[in-house]
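Enquirer: Sharing the features that Swiss-Prot gives for it:
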- C2: active site, nucleophile (ACT_SITE)
- 2-218: domain 'Glutamine amidotransferase type-2' (DOMAIN)
- 285-426: domain 'SIS 1' (DOMAIN)
- 459-600: domain 'SIS 2' (DOMAIN)
- K605: active site, for Fru-6P isomerization activity (ACT_SITE)
Amino acid sequence: MCGIVGAIAQRDVAEILVNGLHRLEYRGYDSAGIAIVDQEKRLQRVRCLGKVQVLAEAVAAEKITGGTGIAHTRWATHGAPSEDNAHPHVSGQFAVVHNGIIENYEQLRIDLQQKGYQFLSQTDTEVIAHLVHWVMRNETSLLRAVQQVVKQLKGAYGMVVMDCEQPNHLVAARSGSPLVIGLGIGENFLASDQLALLNVTRRFIFLEEGDVAEITRRTVDIYDVNGHPVQRDSQDSHLTHDATEKGTFRHFMQKEIFEQPRAILNTLEGRLHQHNVLVDSIGNGAERLLEQVEHIQIVACGTSYNAGMVARYWFEHLAGISCDVEIASEFRYRKFVTRPKSLLITLSQSGETADTLAALRLAKEKGYMGAMTICNVAGSSLVRESDLAFMTRAGVEIGVASTKAFTTQLATLLMLVIAIGKVTGNISLSQEEELVKALQSLPAEIEKALAFNQQIESLAQDFADKHHALFLGRGEYYPIAMEGALKLKEISYIHAEAYAAGELKHGPLALIDADMPVIVVAPTNDLLEKVKSNIEEVRSRGGQLYVFADKEAGFTETEGMKIMTMPKVNEVIAPIFYTIPMQLLAYHVALIKGTDVDQPRNLAKAVTVE
């Protein structure tokens, strides 16, 4: 992994490829490379360690030009970050870029070495290049060669292959890692993400599992997993050209934090009428499916998992539907029992998360009554493969640490909870009206939370010399504590953990001292007195407390305990509201620490490998 761009055109494609890589930088990477065939059918390749800008300068210095090319940003999986391990990889006249993991690459490597091939990298991708070269000894068609090669591969891949002897076409293959074809006029493109191509086209074809595609300047031919020609519908992208621009903000994460009121308003739009949730807005046949639901199984990873954990409280408390939440990488590898009338819900920002996709495919074999995804990317694999897709409308999220995707997931989940409760008879009309009013107030309430930006910036100074932090919450605020800890560790590199506050006695209290900041989410609710007891446990052991609560909670700031007094909000939407100060705290601490906020080390935006 991480980013692929390909282009075939009459004009020079070097700038298109480099600009595409720039647009994919948000996904995270450690090295980059480009290969272009010139008019004399010579392969020109440049690879470098570090940022795409370094590659761009090298391409300009070497005056690389040509009408057919491929480019890649790499996030190391096999082999350390290095120029030798950077893509494209070459074997003879063939160049390959690849996202994914080839699980049987070691045996393939041994077989190829016995055939006389020498390996210049530690990557699994170089195996693909040599396999193509080997098959083409007895083959004239690159398309047929790639179709033969993919049959030998086990694992996940999204790849593009280029032949400098036949530069009039590119061949791509997709299994477990996304690829999209961009359609131009007299030119065509390939990428792992449509964002890479927004400056050259708005029309896209999303390849499906097992597809192999051959593109020329004027044609696109796609073949399914069985080698049969297929038609895939094209889609017009509604993403804006400046979707990947920071504007006046210092970082994408900062921009995305402050975009949340609008993102939630967009997510609610057209789905609420007066004080009702429009069940039909969830999708065709939604009401018929939802009224039968007796159990919810949520599967997700990372931030999306935390959103699912909040939703569990809503499903059970508000809609009276039992709900389980599981990490996708665990769910897919265990033997589970499918409950009767159970609906599977997958959560993902990208819709391409490898473990979540695998969990969906497994669950569809195990007798779930239906599969729904809550996702931010139309046309993604999760959307295409699910029975229902309830889309968030967060817009493009560039920062690796998710912000607006998380809160729009929660808003969407709450709408779904209300819809299921209504059609199953567990939520009355008056309850629905109250819940919808709370949802409609959410954008304005988040604006109020964002107004605490400067106060939280000052608070963040206390974390300048800290190496550890503990987050506490009870009930639906425990997952918000989890999200706060995740954000802090992701972008500030402070070791942060979250615990249900009632678990303090069972281990975490041993960590408490004056150097351990303890962040507590403690708004007024039925569990407040329990949380206060937990806070006293920390105070009595000399811990430094930072409590986020409303005025009615009755906290008084004392030595060793700072209070961030927040406005009182409706209890149902309060978990979403209290997410905002957690995001702001993580952001400002990361600024103080001097880390790369938008592209934290070792992390990628879309995890398309296991």
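Counting begins at 1 with the first residue displayed.
Yeah, the Cβs are placed from backbone N, Cα and C, and that goes for glycine too.
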Enquirer: Let me check the 10 A CB neighbour count of C2 (active site, nucleophile). How many other CB atoms are there?
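Expert: Summing over all protein chains shown, C2 (active site, nucleophile) has 27 other Cβ atoms within 10 Å.
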Enquirer: How many helix, strand and coil residues does the domain 'SIS 2' (459-600) contain under DSSP?
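Expert: Once the DSSP states are binned, the domain 'SIS 2' (459-600) shows 66 helix, 31 strand, 45 coil.
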Enquirer: For C2 (active site, nucleophile), what is the secondary structure by DSSP, using just helix, strand and coil?
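Expert: The three-state answer is strand.
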Enquirer: If you average per-residue pLDDT over the domain 'Glutamine amidotransferase type-2' (2-218), what number do you get?
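Expert: Computed over the domain 'Glutamine amidotransferase type-2' (2-218), the mean pLDDT is 93 on the 0 to 100 scale.
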